[in-house]
């Protein structure tokens, strides 16, 4: 009940934009703090068969019946490929400082490799997009890989299950740095590697959709106890080699920065029992530390080494040194918090899988009460204090890095029976961002080096396995006509960010 009363109070408070602008606004943050909003190629661009683009694993996966909740796909998405110039006007209308987007690997290298040819039309599209972003006074924050492996590499050698992916990714990154790095000063190698590896190779709920038959009969045959870790290992090596290339070949002249974007929930002990407190650590290690520990310390968390054993790949001494320190900043995506309850004994018949290797039952409910107000997406519950806790944890454990909150947002149902005029009144989203910005500000005051905050997402988009069933955007998109409408939250941000 406490969180409900708080949410109602905050909604009432932030509904008065003028009052918020006078009390809490962009000037409540450091002068160089960056506010932005985000997107991703497959979720936005559409035009999958235009401009020389080759297919990605998401083109394949989304067209398999039953993989996407509403049977949809990203063939058109929000048609950003054709509408980006007018769409970017919304970003400036909201007084944002930056625009985050990803480059589609298969739009640059349709066959995934340099030898397969560089697509000049793809280069031209992203050059134009970058120039349009900059011409509006916005900073481009560019992600090199956001889940969309070229299908050609999946067919050729199972992509991230093979060490061959390292060279091909570095070659692709090299093209991006060379063609766009004179204007792009903030690069992310990968977005949410944990989601990509756990979903794509553990549960099979993300492309390429692989898992063990004992996890699901609906997956492509895989190995949920091994493949997530193999894919993650090769991804980390690809990331580190790309960072080394950028630092050795481009950084001195282009004067940019490069990092990687992680994702994690925050976790709260289910009870005061010591076992549940230990479960919090294991939860963080398996979700966050899996990809953070190697780039900070040069190896996986000790808890993972202990529980996963020989299924967890080992770095050579040279690889450990390569991976360690391979970032200038950390992107951090946060959406929700869970309770962590220890599983004291692993059932003897339970077969290995990433999802159960941590010996933790993660839940948003305790005694039937949710940890916070539920979003439309079933796994998300609003718990803004968790963002502050995650930021403080990152500062303490991971050597006090520069951090950009690269994604933070909430969604509502895509309900076609609600008139658009009503659907635009997203007070819940305003409350969500207000709360999370307040806790971000508090973390900064406590010494966390948070450099920016990006909303997820810019406009209602294709949300992977959920399709178009939910709406995360600040801008409403009519799925029938693709016409754009500004939600109330977009006006709130315009006022909050007014200079």
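Placement of Cβ uses the backbone N, Cα and C atoms for every residue, glycine included.
What Swiss-Prot annotates here:
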- 192: active site, proton donor (ACT_SITE)
- 407: active site, nucleophile (ACT_SITE)
- 43, 146, 191, 192, 335, 407, 456, 463, 464, 472: beta-D-glucoside binding site (BINDING)
- 211-219: disulfide bond (DISULFID)
- 111: N-linked glycosylation site (CARBOHYD)
- 361: N-linked glycosylation site (CARBOHYD)
- 408: N-linked glycosylation site (CARBOHYD)
- 414: N-linked glycosylation site (CARBOHYD)
- 415: N-linked glycosylation site (CARBOHYD)
- 1-19: signal peptide (SIGNAL)
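Swiss-Prot feature annotations superimposed on the structure.
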residue: 43; record: beta-D-glucoside binding site; Cβ contacts under 8 Å, 6 or more apart: 74, 77, 78, 457, 461, 462, 463, 464
residue: 111; record: N-linked glycosylation site; Cβ contacts under 8 Å, 6 or more apart: 54, 117, 150, 152
residue: 191; record: beta-D-glucoside binding site; Cβ contacts under 8 Å, 6 or more apart: 40, 102, 143, 145, 146, 147, 261, 331, 333, 406
residue: 192; record: active site, proton donor; Cβ contacts under 8 Å, 6 or more apart: 147, 261, 262, 263, 333
residue: 211; record: disulfide bond; Cβ contacts under 8 Å, 6 or more apart: 201, 202, 203, 204, 219, 220, 222, 224
residue: 335; record: beta-D-glucoside binding site; Cβ contacts under 8 Å, 6 or more apart: 263, 265, 380, 407, 408, 409, 410
residue: 361; record: N-linked glycosylation site; Cβ contacts under 8 Å, 6 or more apart: 270, 340, 341, 342, 343
residue: 414; record: N-linked glycosylation site; Cβ contacts under 8 Å, 6 or more apart: 460, 468, 469, 470, 471, 479
Using CB atoms and a 10 A radius, I'd like the single residue among the glycosylation sites 408, 415 with the highest neighbour count.
408
Across the listed beta-D-glucoside-binding residues, 43, 146, 191, 192, 335, 407, 456, 463, 464, 472, what is the farthest Cα to Cα distance, given in whole Å?
18
CB neighbours within 10 A of residue 464 (beta-D-glucoside binding site), counting all protein chains shown, number 22
Can you give me the same-chain residues 6 or more apart in sequence from residue 456 (beta-D-glucoside binding site) with a CB-CB distance under 8 Å?
37, 38, 333, 407, 408, 409, 472
Given the recorded positions 219, 407, which one has the fewest other C-beta atoms within 10 angstroms of its C-beta?
219
By a three-class reduction of DSSP, residue 192 (active site, proton donor) is assigned coil
